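Q: Before I ask anything, here is the structure I am working with.
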Amino acid sequence: METCNCIVVLFLAMCLQDTSASLNVLNIRPYGTARITSPSYPDQYPRNLDITWAIQTVDHWRIHVIASSFHLESCCDWLAGGDSTDSNNLTTETFRSLGRFAGPEALSDGPAMWLRFRTDGSFSYSGFCVWAISVPAARSVHFNCTFEDGMCGWAQSRDDDSDWSLNSGGTTSSNTGPSTDSTRGDASGVYVYYEATGGGAGDTAVLLSPVMHSIAGFCFGFSYNMYGDTMGTLNVYQVPFNGNISEGEIIFTRSGQQTTAATWLSERICLRNVETRFKIALQAERGSNYKPDIAIDDLSAEDFSTPILLWDPNTIFPPLGGISHAVAGNDQTYICQVPRLQDPASLKWTVDWQEVTATRNSSLQDDSGLYTSTSILTLPAADIHQGQIVQCYAQTDDHGLLSTTVMTHVKVPPSQTSLSLYGSSGALAARVSLVEGEPYSFLCTVRQTRPAATIRWLLDENDQRTDPPPSGDRDTLMDTTSSWTLVPSRANHGQRVKCAASTAESQSPLPSVTATLDVTGPPDSPTISGLQSVTENERIQLRCQARRGYPDDWELVWSDEGSTLAGSLTTAISTSGSRFTFTSMLNFELSREDDGRVINCTARRRGSSQRVTASLGPINVHYHPYLSEPVAPGPVWEGDDVILSCSADANPKPANFIIWEKVGSFASLPSVYSDGTSTLTLLNISREQAGPYRCRGDNGVPPLVHSSHINLTVRFKPYPPLDVSIQQGRITTESLTVKWTPGSEGGEKQWFYVSYSETGYTGDSVSAIRSVKLYNVSEYTLVGLRPDTEYEVEVYAENANGASEAVKTLGTTLRPLVTTCLYLVGIGALTLLLFISTVINLTQCYRSKNTRQKPSKKETQPQSVSERKAGTRVSSRVVEDMTSYENVAIPMQTVRARVVDPVESTYHDTSDCQATISRDQLIFVRELNQGAFFKLLLARAKGIERSGVVTPVALKTVKDETDQKERQNLIWELKSMKSLTRHSNIVQLLGYCIEKDPMYIILEYTANGTLKELLADHQSQSEAVYDNLRGAADSSLTPQTLLSLAKGVADGMAFLASHACLHKDLAACNVYVGDGMVSKLSDFGFVSDVAHMRKYQRQNQGCVPLRWMALESVRDDVYTTESDVWSFGILLWEIVTLGCKPYPTMSAEKVAAKLKSGYRMPRPSHCHTKVYQLMLACWARNPSARPTFATVGEKLGKLMGKANEYISLEGYQGHLYKANVADG
């Protein structure tokens, strides 16, 4: 029996176990075929099947059913068929095939046929393969007509003059028309005729046939009678189915008398290549009189052609043949048929010109007696090859030998053996190892298919990509290749990659090749379990686990900040999907250094760069306080304020976990706690408060801890000496001996100062105060005194803590032994000399007054200080002695200069240069401010920067009260500025006028005034009043601006230090602020008298420089870059407190004493520790320990990024830094 691998055109409910009915509708075009099969044979299929096929073709065609193979397993399985599409109407059934029969061969009467297949309740191995073919009907039944029953669908035309009429016997006119009909041959038969009586010559009558259908040749016949001596014309037309006779074509015509009354003539007309739809028109045209009657009878029609038809399961071939497509490995069936023959045809086959035996031949006769001959040839798969020639020959009596030829094109679909799967290393085995995240390319090759194959990639049966076949020759065997790249994830582990190949002829399941994926990759991110909050020295265990890694050789490594920790060996346990879970343990003890520590667990594999890491932390290690060593304060004097600080590292840090206590007392002392630091403040300390102090720490983590002791020693100044007196018995003309009893030394080694001067000393050039420092003595002899002179002697004690009050006494040297005469002569000579000196001095003053020019009253010229003075002060010889300043008991060196020429001293060492400016270019505006030695004027300079442009400038000149030495200092400052290059934080030198008094240094004008003024303006914004020249200043200073101003000062001082310049007067009142809030320095580079350096005129409300001076400057008159750094620390404190006065609650005397004892100003509450630490670094006792200005500028630059954190103006309390002290 034949195995049917044909196209299944039905739908089967394959999985139903109960009675199942389905209907399949098949539409077949003329000469079309359909192959109808039972469910797959020989496999079992369900019981109780009921399947119906409704087969339809076009009108005037029939369905020819032929069984190719047929096997019904049991008596109760059957296949039936019949006319129409209603399988339930048993009256239409024409056959029923049962059991092991050859199968049906039937022909429908009309254009439709049904087939029905039913099985019983048992499993069956029944199967069949049936062909359904659309063939033309034997005759066109609507065309045939004998007129016995009427017109048979023929119709009268409206495009004529009269109609055709039915009649029997003779016509009404004599000597014309038939006497009988053609069908019966007697007077009872009926025919149709044209009656000429009553018409005119040339009149017509037209009879139209029904619409005809034909796809090949068409033949029709009829009988006609044309009897009459004036006979007209009979015309036959082929007319379009929707047209009229004027659009038709005459295919037959007869004119004149053709027969007698008893004779009928017959005519057969055949048409070739006709339209598939058309009509036939019969036209009678009247002769000259009433005798041209024309009659028609026995109309018949049929398709006259006798084609030979050949088809295979896929194609119906034209008579000239074609290409037959076979599938390699499958049998191929051909059907050859010759329809509608008078006698059966003889059919035979040749393959490659060799005759072969047909599988089956048959001939069926239809109702009209015509035969349709059919032959089926099935070629086994093994006998089919590419290019094979198959021919069918038909021998007929009427048409001779007919044949048609096809060439076989064998399509070769992919097979399992033609597929190969490759990877980067070659052909793949059943399993392939991939690395997670690394792209991997698969290559699939299909060999020797015709045509080229379509390759489809699947991953676990899910489509990934389909590559269509390449274009090219479809007649040759081809190899097809496709690649697909996968970036594997762990989800792909265990999945199967499939390459399936197919052509249009492939059957399911498609051939394929597969590989199972083993995805090598790290596990999921590890998880670390264990305590995260522990107590110091507690032993803990951490557990690290990572899941779904592959293969099993991943290891877990513990680490801490790059250092590997010793954990346990990694264990691997297989889990679902053949991936693994890895585990490792870590045991260790934690110390306080581990607080905040982060523990890492990393999964890694040898030879792999892939890593996954988990972290635990920061770990919270609780530990008891670790107290820092409290810093002992410097020497403490009675009445001082003492601040003790103690810090602790602890976790946690509850509020007030650090407290202060005096050793031996369990009471807590009131202290202030802030961020791990406790501060104890002892105000106005007394001697009773001396003793050991310590801080105690308790944060709830045992044990309670104590710091080391701070022994607080309260020091005090020595008492004044007692019993200070002049020893009368030891007085001479040149000496006095003073004696005293030492008072209490205040716990420190003391020494004594003995100072003496002539009574009535006024500080002029006649006398000088002398002082001497004595150790371990209680008396001293003053020598080198003038005879007969009263001296005031002062004795006071001093120790490291300060000086006592001085005790004074008087003593007079003895008069020398001289003659009275000599005494009188001396008195006379002295009187004469005094008179001569007075006359000379008066004359000199008069000349000087008359030769001096009067000052101009115009606004355009500033007045000279020296021009307003009455004369030039004369200095005495140089004498080094010891004096005091502002009652601060600090020994000071006073230098008195020799008498010099003022003009020479001022100008001799300064050469003129291009920066000299004409005084005519300057217009005085107003005085800006005054300093210790100079004053600053505002002026307008014409053409100093650009011709014709007036520029505001600042003029620096000496004050009215200064002398020649201050003018020399101004010259020194000018020389210093001329030697410097331009710097953004240095006031720019624009020019100078020094050719005569008053001399000016012309500087750039800083519109925002001094830093002191700017800070004060901000501090009192509600009362701030800006003049027109400083109105541009922004009083809303921000922490960022404050630190920027401080950094500008540091940068400027670093520049000066690099040029070996000192400032020695660095304070906010001497720093100017230019446009853009840029700090600018001036007043540097000169050396002035130290005594003058230490005070400003209080009436000008200037600064008292002692508050800004370094410890070594106060103590030893030493001025260096390091002492300028100290002053910068004070200036930084000024900036932070918005211009408040340093040491606000202390007098100048107390400041000097406190500095020597180690006192430093405390941190302002709104100032961060980092800023305060910078201040403290600037105030280091050892100058070499202080930072450089470059370092200071760098640190301030780093602080500016978070300025709001370091200076909190919201917490600023200005009243804490304001106090009225008499000495300023």
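Using N, Cα and C of the backbone, Cβ positions are placed for all residues, glycine too.
Whatever TrEMBL says is automated annotation, not expert-curated.
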Q: Pick from 129-149, 822-842: which stretch is listed in TrEMBL under transmembrane segment?
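A: Matching range for transmembrane segment: 822-842.
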Q: Averaged over the domain 'Ig-like' (625-711), what pLDDT does the prediction give?
A: 87
Q: What are the DSSP helix/strand/coil residue counts across the domain 'Fibronectin type-III' (720-817)?
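A: Tallied per class, the domain 'Fibronectin type-III' (720-817) gives 3 helix, 47 strand, 48 coil.
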Q: Using Cβ atoms only, state whether the domain 'Protein kinase' (922-1207) and the domain 'Ig-like' (625-711) have three or more pairs under 8 Å that are 6 or more apart in sequence.
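A: Checked: the domain 'Protein kinase' (922-1207) vs the domain 'Ig-like' (625-711), in contact.
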Q: Cβ pairs under 8 Å with the domain 'Fibronectin type-III' (720-817): which stretch of 143-308, 414-516, 526-617, 625-711 has the most?
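A: So the stretch in question is 625-711.
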Q: If we skip the immediate neighbours and take only residues 6+ beyond the ends of the compositional bias 'Low complexity' (168-182), which ones have a Cβ under 8 Å from one of its Cβ atoms?
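A: Contacts with the compositional bias 'Low complexity' (168-182): 147, 188-191, 193, 195-197, 223, 225, 227-229, 231, 259, 261-262, 264, 290-293, 295, 297-298.
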